[in-house]
Amino acid sequence: MWDYTDKVKEHFLNPRNVGEIVDADAVGEVGSLACGDALKLFLKLDENKERIVDAKFQTFGCGSAIASSSALTEMVKGKTLDEALEVTNQQIADFLGGLPEEKMHCSVMGQEALELAIAKYRGVEAPVHGHDHDHEHVEGGGQLVCKCFGLTDVFLKKVIQSNKLTTAEQVTHFTKAGGACGGCIPKIKELIAEVLGEEKKVAQEKPAKLTNLRKMQLIQEVLENEVRPQLWADGGDLELIDIDGATVQVAFRKACAGCASSGYTAKFVEQKLRELVSNDIVVQEVQG
Amino acid sequence: MKEIYLDNNATTKVDERVFEEMRPYFCELYGNPSSMHFFGGQVQKKVDEARSRVAALLGALPDEIVFTACGTESDNAAIRSALEVFPEKRHIITSRVEHPAVLTQCRNLSKRGYRITELNVDSEGRLDLEELKAAIDNDTALVTLMYANNETGVIFPIEEAAKIAKEKGALFHTDAVQAVGKIPLNMAESAIDMLSLSGHKLHAPKGIGVLYVRRGTPFRPFLVGGHQERGRRAGTENTASLIALGKACELAHVHMEEERVRVREMRDRLERELTALIPNTRINGGGADRLPNTLSIAMEFVEGEGILLLLSEKGICASSGSACTSGSLEPSHVLRAMGVPFTCAHGSIRFSLSRFTTDAEIDTVIRELPPIIKRLRDMSPFGREFLGKQ
């Protein structure tokens, strides 16, 4: 049995705002019968067409899908459209006191329906999303990754990024991608790597020109913060012996010392240093 | 809140008489049946009696009964044994709707170079024996097919399938976990080589199972390291539990007729009334020969987890073939193999009865389920055009 919070149970048993708004200003519909869950969200705006005065939903899905829809409608009522767009799937989950990770896709579905409704109302291009009904045509561009649930790379990357996901399993829990035939799991892993790579780039732009001192400092920082923690995870370690121009000499310690794959480890260190410090770095393994 | 337990294909209540039978074997008669002293010897006598009781229910001989820890172990042991007995054969035939205890093992073997044929089922969950005949060849080491399906209750023509296997020189195993105790079996007049059963499906405790191995059927043990079970399953016997299973088998024999008549009547009434009261339903496997206790009913445009949670609020325990309840994202492999339309695959509920089920409990379900379905359908964006104004 799922470990639902009391708030999830309460919103499932007594959902708020069930139904449709006949003269709704904005309607967003995501999901399908085949996918196993779907949400149709109705928004009614005030006279100035700025603020949401009423929100209703119709949901087909499990307990947490219904609770997430109920929470979403409660959260957006009274907000302006711009404020509503700030609502994240994590906030929906938080509103309910949290969701089991396997059920996070329910909160993502809520956020998607909201974005879609507002985009359609404003007549702007629909945000790239998953859950296409026929799983063939992809609205809003992007490439289809998960054929079972009709999810695109752009959508998946967005969810990976905003929820800081690091494993394919998490991506399945948040979006359902890869949860049926599993054929797209390798692609999902690539997308995670891409997102992580992009974030790193943003976080750590290579300095344009390095003084010798700065370069040495940077090499030390990368070894301390990026390389050694990864080696520790496998029971290994390394020590910086010397830096001579672009040549970095390291000695492997603990499990890395005498490890048959230390050649690969040296390559990994070199790649990290080239990526984060300078393209011309050569790593040498020395006994020290 | 008193529970209305209609999930007996998942597990069953231990019969009080079964519990009384096993009770002394924890703190008082705790001897090891293998010991030379009187204290172990008296337990050995009860183990022998239990073995005879299980054999009697199956129409088998006592020495054909191998006690295991669960149905899954029995399934695993049978499959592995067949492959060791025929090291030159590289083919196994099973079906798409088997329990994971069989299916996962087969799929793992396919990664290790074995050829696996998964027989299809039709929309009612039935097997086509012609497909088996076409698939079996001299390379086939084992045919393993379930006796009755845990989700739909559909019964396979196991005797005919076993004969086909025998003619081709393949071993035949059946996972009869759901069938034993519910329908009569007679190994004395059967072509089945190996059969798995599980105690907790027939009012014995969890953690005890049996692999029936026909006399003369070649067998290689899964667990080694002891002489127990005539060298076919090493490890000190779970004496209390197997004594319990013996008693449960004896009781199953006594209650078989009741299961066949009274339980079936309750199941049929539940099916009839729910179908009449709830529009747009479908009985999964309704056109096939089924276990008397199982009802799998699909309801269009609603999702199973919501139904189960609302039933649970009323104390009613059932199960679903839906994705969301299991953490998986697709409807069950059984319903997909049957091609259940996607409009209702997500809204399938299984009620599984037992001899402890009462008419009053069935009345409660008939009263409580229709409004639950209506409530969820009213909430659903789908089905308005089909359901009209209910």
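Keep in mind that glycine also has a Cβ here, set from the backbone N, Cα and C atoms.
It should be emphasised that the depicted structure is a prediction, and the values quoted were computed from it without experimental measurement.
Look at TrEMBL and you will find A:CYS35, A:CYS62, A:CYS106 tagged as Fe cation binding site. Sequence annotations record features per position, and here TrEMBL assigns [2Fe-2S] cluster binding site to A:CYS146, A:CYS148, A:CYS181, A:CYS184. Look at TrEMBL and you will find A:4-123 tagged as domain 'NIF system FeS cluster assembly NifU N-terminal'. What TrEMBL lists as domain 'BFD-like [2Fe-2S]-binding' is A:144-194. The feature domain 'NIF system FeS cluster assembly NifU C-terminal' is assigned by TrEMBL to A:219-283.
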Model confidence over the domain 'BFD-like [2Fe-2S]-binding' (A:144-194) (mean pLDDT, whole number): 89
Conformational class of A:CYS62 (Fe cation binding site) under the three-state DSSP mapping: coil
In three-state DSSP terms, the structure that A:CYS181 ([2Fe-2S] cluster binding site) belongs to: coil
Cβ neighbours within the same chain of A:CYS62 (Fe cation binding site) - under 8 Å, at least six residues apart: A:GLY36, A:ASP37, A:LYS103, A:CYS106
A:CYS181 ([2Fe-2S] cluster binding site) and A:CYS35 (Fe cation binding site), Cα-Cα, nearest whole angstrom: 13
Intermolecular Cβ proximity, binding-site residues A:CYS62, A:CYS106, A:CYS146, A:CYS184 versus chain B, under 8 Å: A:CYS62
Shell of the [2Fe-2S] cluster site beyond A:CYS146, A:CYS148, A:CYS181, A:CYS184, same chain only (C-beta within 8 angstroms of their C-beta centre): A:VAL145, A:LYS147, A:PHE149, A:LEU151, A:ALA177, A:GLY178, A:GLY179, A:ALA180, A:GLY182, A:GLY183
Candidates A:CYS35, A:CYS106, A:CYS146, A:CYS148, A:CYS184: member of the binding-site residues with the richest Cβ shell (10 Å): A:CYS106
For A:CYS181 ([2Fe-2S] cluster binding site), the number of other Cβ atoms found within 10 Å of its own Cβ: 11
